[in-house]
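Enquirer: So TrEMBL has the following annotated:
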type: BINDING; residues: Asp133, Leu134, Thr135, Arg160, Gln176, Asp180, Arg329, Tyr333, Tyr334; note: L-histidine binding site
type: DOMAIN; residues: 4-60; note: domain 'WHEP-TRS'
type: DOMAIN; residues: 33-435; note: domain 'Aminoacyl-transfer RNA synthetases class-II family profile'
Amino acid sequence: MSDTREQILEQIKLQGDLVRQLKASKESKEKIDEEVSRLLALKAKLGGDAAPTNQKFTLKTPKGTRDYAPQQMTLRQGVLDKIIQVFKRHGGEAIDTPVFELKEVLTGKYGEDSKLIYDLKDQGGEILSMRYDLTVPLARYLAMNKISSIKRYHIAKVYRRDNPAMTRGRYREFYQCDFDIAGTYDPMLADAECVKIVAEVLDTLDIGDYVIKLNHRQLLDGMFEACGVPAKDFRAICSAVDKLDKSPWEEVRKEMVDEKGLDGAVADKIGEYVRLSGGKELVEQLLADAKLKAVPNAVKGLEGMQLLLNYCGLFNLESRVSFDLSLARGLDYYTGVIYEGVLKAEPGAVGSPVKASPVLENGKPVAADQGSGTVGSVAGGGRYDNLVGMFDPRGKAVPCVGVSIGVERIFAVLEAKFAASNVKLRTNDVEVFVASAHKGLHEQRLRVLNQLWDAGIKAEHSYKLNPKLLAQLQHCEEHQIPLAIVLGDAELAQGVVKLREVSTRQESTVPLAELANEIRSRLKA
């Protein structure tokens with residue numbers, strides 16, 4: 001006699017517990033695989049439906065993700081629209097790429113951050129991973145299609161198996177807004193425009209005072225060489241320096257020496273440089289530095305910074321940019337100028353746009369972390385001249401420079417500002433509500449609605465046959481709908497309706513034949 005469904009479900013539960021115990025105790029892979037196979041065989045007996053009909057489970061979003069309510073989506077879409085306007089102003093063309101890539105496309109491009117890539121199961125012989133950013137997919141796209149020149153923007157979700165910090169806009173699933181210029185051009189012209197784009201976006205979004213930090217990868221490598229860092233350790237030490245925006249020098253030095261085996265005296269030499277920041281005068285100071293002058297990479301990097309700062313001056317960005325030697329940006333693919341937009345607001349400062357956050361996770365406010373008053377970087381990017389060549393069979397390079405806007409962090413700041421101001425955003429674009437003054441007018445409402453929709457006017461009505469007039473008008477006020485049409489038998493017999501301005505409650509009589517034109521006229525006023 002075959003087992004009943006209930007018996008199989010009980011066996012599945014017990015077998016699942018056993019598999020979890022084996023994994024927790026770090027048993028051998030062979031043993032775990034054997035018990036997993038038994039678990040799958042049990043599930044197969046149910047025809048793939050292993051979940052009991054009365055199963056209870058917790059309703060929640062996965063860790064590091066969130067839902068967005070209509071008001072939040074309205075705010076988000078407004079942010080994206082403004083960013084796209086800036087990108088288009090600079091000649092950007094939109095592209096899109098798959099949300100997952102072949103794992104080999106992503107492997108070896110991100111340095112230490114490669115451990116944050118989400119890997120997927122074998123899909124029909126293809127080993128896939130979720131995209132970590134939009135830059136590596138762009139490089140693959142350029143190489144695959146043999147494109148050597150493009151100005152593209154791309155707004156899409158990316159995925160990182162990171163430790164999320166919801167109150168700081170740090171998620172595992174989030175949007176990136178990228179603008180990149182690919183092609184062989186004269187030094188720093190495209191790079192300076194990317195810095196200008198960062199400034200335009202942050203000015204347009206009005207999220208507070210900010211600074212755009214600038215540095216150069218060649219200068220960093222030259223500095224490491226001048227200080228005595230072995231060439232094989234450049235990327236590892238660069239990754240440590242990249243943490244200076246979040247950790248004090250003492251902690252970064254400890255990582256260099258204790259974890260990465262760097263000589264303490266060498267680390268101290270690095271410390272003398274990475275705590276410097278300034279403008280053109282700092283470039284001049286470093287060009288006169290005897291240790292750096294002896295290293296060609298350092299000189300090239302400094303000359304590049306000199307030219308970049310000159311172009312930034314022509315773009316009226318002197319007060320917005322800072323040459324900062326602590327900026328490293330840990331990703332391995334950067335080869336030249338690097339930059340990062342950072343909000344200046346201090347944690348807990350009066351008027352700080354980020355001192356509080358209304359971020360919700362699974363419907364509940366997320367408690368702020370200690371020291372989480374800042375959202376950190378809100379934009380970043382740089383030059384990556386060798387990435388496309390990694391995908392080309394002949395190694396043909398396509399020089400690229402780009403910027404990524406940290407839209408989730410910007411959104412967290414704006415959401416906090418709106419929560420503090422108690423401003424209610426409109427979550428729809430309805431221009432007119434078709435209301436009926438009494439019973440029996442639902443068919444007339446539908447005729448008027450159809451007339452308005454055909455004329456391209458955004459309109460809605462109540463889905464009740466005989467709604468109360470007061471309830472309909474209250475709906476208009478609650479949803480900030482500017483106009484309402486009130487239908488009545490007497491008016492309809494004369495071929496007219498009443499057009500009501502919701503905010504002032506003033507009404508006027510309008511012929512049905514002229515209704516669409518009158519509505520357009522009122523909306524423009």
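Here the Cβ of each residue, glycine as well, is placed from N, Cα and C on the backbone.
Note: TrEMBL annotation is automatic and uncurated.
Tell me about the setting of these features in this model.
Expert: In this view, Tyr334 (L-histidine binding site) is surrounded by 25 other Cβ atoms within 10 Å of its Cβ, with every protein chain counted.
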Enquirer: Please give the L-histidine site's span as the largest CA-CA distance among Asp133, Leu134, Thr135, Arg160, Gln176, Asp180, Arg329, Tyr333, Tyr334, to the nearest whole angstrom.
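Expert: Among the residues the record ties to L-histidine, max Cα distance equals 21 Å.
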Enquirer: Counting Cβ atoms within 10 Å of each candidate's own Cβ, which of the binding-site residues Thr135, Gln176 comes out highest?
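Expert: The most densely surrounded of these binding-site residues is Thr135.
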Enquirer: Summarise the domain 'WHEP-TRS' (4-60) as counts of helix, strand and coil residues per DSSP.
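Expert: Taking each residue of the domain 'WHEP-TRS' (4-60) in turn, the totals are 36 helix, 0 strand, 21 coil.
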Enquirer: Given the model, what does the mean pLDDT over the domain 'WHEP-TRS' (4-60) come out as?
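Expert: On average, pLDDT over the domain 'WHEP-TRS' (4-60) sits at 78.
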Enquirer: Identify, among the binding-site residues Asp133, Arg329, the residue whose Cβ has the fewest other Cβ atoms within 10 Å in this structure.
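Expert: Counting other Cβ atoms within 10 Å of each of the binding-site residues Asp133, Arg329 gives the minimum at Asp133.
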